[in-house]
Amino acid sequence: MSKKPVRVAVTGAAGQIGYALLFRIASGEMLGKDQPVILQLLEIPDEKAQNALKGVIMELEDCAFPLLAGIEAHSDPMTAFKDTDYALLVGARPRGPGMERADLLAANAQIFTVQGKALNAVASRNVRVLVVGNPANTNAYIAMKSAPDLPRKNFTAMLRLDHNRAASQIAAKTGKAVAGIEKLAVWGNHSPTMYADYRNATIDGQSVKDLINDEQWNREVFLPTVGKRGAAIIAARGLSSAASAANAAIDHMRDWALGTNGKWVTMGIPSNGEYGIPKDVMFGYPVTCEGGEYKIVEGIAIDEFSQECINKTLKELTDEQDGVKHLL
Ligand SMILES: NC(=O)c1ccc[n+]([C@@H]2O[C@H](COP(=O)([O-])OP(=O)(O)OC[C@H]3O[C@@H](n4cnc5c(N)ncnc54)[C@H](O)[C@@H]3O)[C@@H](O)[C@H]2O)c1
Ligand SMILES: O=C(O)C[C@H](O)C(=O)O
């Protein structure tokens, strides 16, 4: 018997990431090739944006996706999030050249109080939320705090792009296939302070740390390359990453919904105090997923350098949190 359709809300649906994301959700790449979806698409109440959204919807229709059970266009989060099972909060201003993601806080924070409240009011009581719009961790924190009737654990931020970037750099450095990488972790904020940690990682079963055996490369090449990759893409393209961001969003949601078979992935999730991170900080952690739930990988040894990196990214997140206190 075919499955009942699930509702997937996507904000910023007529933007760059939206354009790279929606067709993949509708084709079943996110929730499985047997799972029909109803897309509930939100754009700002502006004629140009709504027209662009109409165009995207026409294209979705023209794909005749067998799993696409419905498409709705919205300009109000209170209707866009009605009964939604999954919400991908992409809509927000992207940064331009020379900006840091934290510079977007003032511009974007308000969006996430409004959308958090709307999710709280009308979404499925078990809605799973992924925040992509930057600064993603703090926006997810704002949305979670604005939705007190929903489970805290169901609010997440996207660190998967950093995870995938780190995996790709490791594969290139070792000359091995990215598919062979296990036990990679990215800690903290989706920003240059994030700490990509391959101390426990293996590639084709061999220790990545031993294979690379170059701590200077780790600190002076790998970490800055992964941390500043978003800026490098903006400098090259004149626009922020879109296809790779959409791909990471698909990976994040697919793994959360369908499981990782024991493989470590990175998700930004609200802390419960794990690894000394204060409760509620939306922090990138290594997790495994099973049965629609994520679980933090416990027991990872934190050496002095790792602790310094974790402290730095944590400080940035708590400063961002302080900066949005007045909104909550
Ligand atoms: N977390 C990550 O890894 C990651 C990666 C890449 C980009 N991003 C961020 O994702 C966001 C979107 O990037 P983009 O390149 O698609 O930008 P974009 O400007 O192409 O599209 C954003 C869309 O969001 C819409 N929008 C703005 N406010 C909205 C609101 N309140 N409700 C609904 N829609 C709204 C805009 O009209 C626009 O169509 C940016 O903040 C960007 O920095 C995050
Ligand atoms: O860097 C940006 O502003 C966009 C995004 O967060 C990225 O990492 O590519």
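Glycine is no exception: its Cβ is also placed from the backbone N, Cα and C atoms.
Over in TrEMBL, the protein carries these features:
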{"type": "ACT_SITE", "residues": "His190", "note": "active site, proton acceptor"}
{"type": "BINDING", "residues": "Gly12, Ala13, Ala14, Gly15, Gln16, Ile17, Gly18, Asn108, Gln115, Val132, Gly133, Asn134", "note": "NAD(+) binding site"}
{"type": "BINDING", "residues": "Arg95, Arg101, Asn134, Arg165", "note": "substrate binding site"}
{"type": "DOMAIN", "residues": "6-155", "note": "domain 'Lactate/malate dehydrogenase N-terminal'"}
{"type": "DOMAIN", "residues": "160-325", "note": "domain 'Lactate/malate dehydrogenase C-terminal'"}
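Features per TrEMBL, on structure.
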residue : record                       : DSSP class
Gly12   : NAD(+) binding site          : coil
Gly18   : NAD(+) binding site          : helix
Arg95   : substrate binding site       : coil
Arg101  : substrate binding site       : helix
Gly133  : NAD(+) binding site          : coil
Arg165  : substrate binding site       : helix
His190  : active site, proton acceptor : coil
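Long-range C-beta contacts of Gly12 (NAD(+) binding site), restricted to its own chain and to partners at least six residues apart, with a cutoff below 8 Å, comprise Gly18, Leu42, Glu43, Leu89, Val90, Gly91, Ala92, Gly133. Close contacts with ligand 2, defined as a Cβ under 6 Å from any of its atoms, occur at Arg95, Asn134 among the binding-site residues Ala14, Arg95, Gln115, Gly133, Asn134, Arg165.
Here the recorded positions are Arg165, His190, and the one with the most other Cβ atoms within 10 Å of its Cβ is His190. Proximity to ligand 1 at the level of Cβ atoms, with a cut-off under 6 angstroms, picks out Gly12, Gln16, Asn134 from the binding-site residues Gly12, Gln16, Gln115, Asn134. Taking a C-beta cut-off of under 8 angstroms and a sequence separation of 6 or more, Arg95 (substrate binding site) has the following same-chain neighbours: Arg101, Asp103, Leu104, Asn134, Ile234, Ser240.
When the alpha carbons of Gln115 (NAD(+) binding site) and Arg165 (substrate binding site) are compared, the span between them is 29 angstrom.
Comparing His190 (active site, proton acceptor) with Arg165 (substrate binding site), their Cα atoms are 12 Å apart once rounded. Using DSSP to sort the residues of the domain 'Lactate/malate dehydrogenase N-terminal' (6-155) gives these counts of helix, strand and coil: 67 helix, 28 strand, 55 coil.
In this structure the residues listed as binding NAD(+) are Gly12, Ala13, Ala14, Gly15, Gln16, Ile17, Gly18, Asn108, Gln115, Val132, Gly133, Asn134; their two most distant Cα atoms lie 20 Å apart. Taking the binding-site residues Gln16, Asn134 in turn and counting surrounding C-beta atoms within 10 angstroms, the largest count is reached at Asn134.
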